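Engineer: Reproduced below are the annotations present in TrEMBL:
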- ARG164: active site (ACT_SITE)
- SER232: active site, proton donor (ACT_SITE)
- GLU324: active site (ACT_SITE)
- 18-187: domain 'FAD-binding PCMH-type' (DOMAIN)
Amino acid sequence: MQLQPDFDLTGRNTLGLRSRARFGVVIERPEDLAAAAEAARAKGLPLRILGGGSNTLASEQVEAVVGVMRIEGRQIVTLPDSGRAVTAGAGEDWDEIVAWTIAQGHGGLENLSLIPGTMGAAPVQNIGAYGLQLSDLLYSVTAWDGASGAFHTFGPEDCRFGYRKSRFKEAGNRHVITEVTLRLPQPWAPVLIYAGLDTLDASATPEEVRQRVIALRQSKLPDWQVLGNAGSFFHNPVVPPDHAARVPDAPQWPQADGTVKLSAGWLIERCGYKGATRGPAGVYEGHALILVNHGGATAADIDALSSEIRTAVEDCFGVSLVQEPIRL
Ligand SMILES: Cc1cc2nc3c(=O)[nH]c(=O)nc-3n(C[C@H](O)[C@H](O)[C@H](O)COP(=O)(O)OP(=O)(O)OC[C@H]3O[C@@H](n4cnc5c(N)ncnc54)[C@H](O)[C@@H]3O)c2cc1C
C-alpha cells in the first residue's frame, strides 16, 4: 500500500471530469484500510473511497486521500438455509459479477445488467433498474467502520435501504464496504414487469433477460466511454398525491405509502433542457435526466448547469430535485 501524491482522477470518473486528489492509494485487501486511514490522518486529510467513479461528481482538486477500491474475489456459496448466493469483493466490477453468476448457472441479477461500477458501491445507493433493486437480493454486507476500526456484517434489515439510499450513504464515509453477499433466488423466475421486458416469454432464461436489458440500456443511455456521464443525474422526486395531481401529464408511479413518484426527466424536458449545452457541460439530447461532459468539463461546469435546472424545475413545478452523484 503506497500513497501516490497528486493523484489523477480524470480517467477514474465516468463523467470524465478533470480532477486530481492530494493523494491516492489502491486498496487491495481489507487490512489496507486501517493503514490508509492512518496515512490520511498523518496528512491531516480525510480518507474517501472511490469505486468505478460512475456515481461521483469529482471536484477539480480533491482535498483527501482517495482509496481506490480493488478488493477482488468471488464465489458461489451455500447459505445456512441451503439457499445459494454470490459473495464478491468490493472491488469486483458489478456487471462482470452479473455475467459470471449467470455463466455459473444462477439467475437473479440479470435485470441489473450493464450498470457501471463496483460491487462495493452497489449497496451504497441500492442500485436499481428494470423492476429490481439490490435490496431485493441482499443477504449481507461486510464493512470496515472508520470510527471504531472494526469490521461489521450487516443483514438487509440493518442496511436501511430505500429508493437509491442506504445507511452507508446516510453515514457519509464512515463505512467502507469490503464484501457483499447476494442471494440467488431458487427456484429462479424472470422478473418481466418492466416495459421492454414484458414482451419476453415467461420461459426466458437469465441470459436472454440479460441480453434484452443490455439492448434496452444501449438504446437509451449514452456510452460513458464516448460521452462522459453519470447515468441519471437526479432522483425521481416523490411528492404528495395532491401535488402530483397538478402535473397530470407527467409520468407518475404511485407508491405504497400513498405518495407519488414523478419522472424527473419529463419535468426537466418540459423546462426546455433536453439537449441544452452550457460550455462543455450539457443535457443529453436523447434523455433529459442525463448530464454529459462534451469535453474538458469540470465539476464547476456541471454544478452550474445542475443548479440552473433545479431552479427551473422548482419554479415551473414546485418540485425540488435531488442530485444523485455524490461529490468527491
Ligand atoms: C451510464 C450509467 C448508467 C447508470 N445506470 C444506473 C442504474 O440503472 N441504476 C442505478 O442505481 N445506478 C446507475 N448508475 C449509477 C452507478 O453506476 C451506480 O451508482 C454504481 O453503483 C456506482 O458504482 P461505482 O463503483 O462507480 O461508485 P463510485 O462512483 O466510485 O462511488 C459512489 C459512492 O459510493 C461510495 N463507495 C464506493 N465504493 C464504496 C465502498 N466499497 N464502500 C463504501 N462506499 C463506497 C463512494 O465513496 C461514493 O460516495 C449509472 C451510471 C452510469 C454512468
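Heads up, the Cβ atoms here are built off N, Cα and C, so glycines get one too.
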Engineer: Within the domain 'FAD-binding PCMH-type' (18-187), what mean pLDDT does the predicted structure show?
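Structural biologist: Overall, the domain 'FAD-binding PCMH-type' (18-187) comes to a mean pLDDT of 97.
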Engineer: Rounded to a whole number, how many Å is the Cα of ARG164 (active site) away from the Cα of GLU324 (active site)?
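Structural biologist: One finds 8 Å between the Cα atoms of these residues.
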Engineer: Counting every protein chain present, what is the number of Cβ atoms, excluding its own, within 10 Å of the Cβ of GLU324 (active site)?
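Structural biologist: 18, counting other Cβ atoms within 10 Å of GLU324 (active site).
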Engineer: Give me the CA-CA distance between SER232 (active site, proton donor) and GLU324 (active site), in Å, as a whole number.
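Structural biologist: Answer for this pair: 7 Å between alpha carbons.
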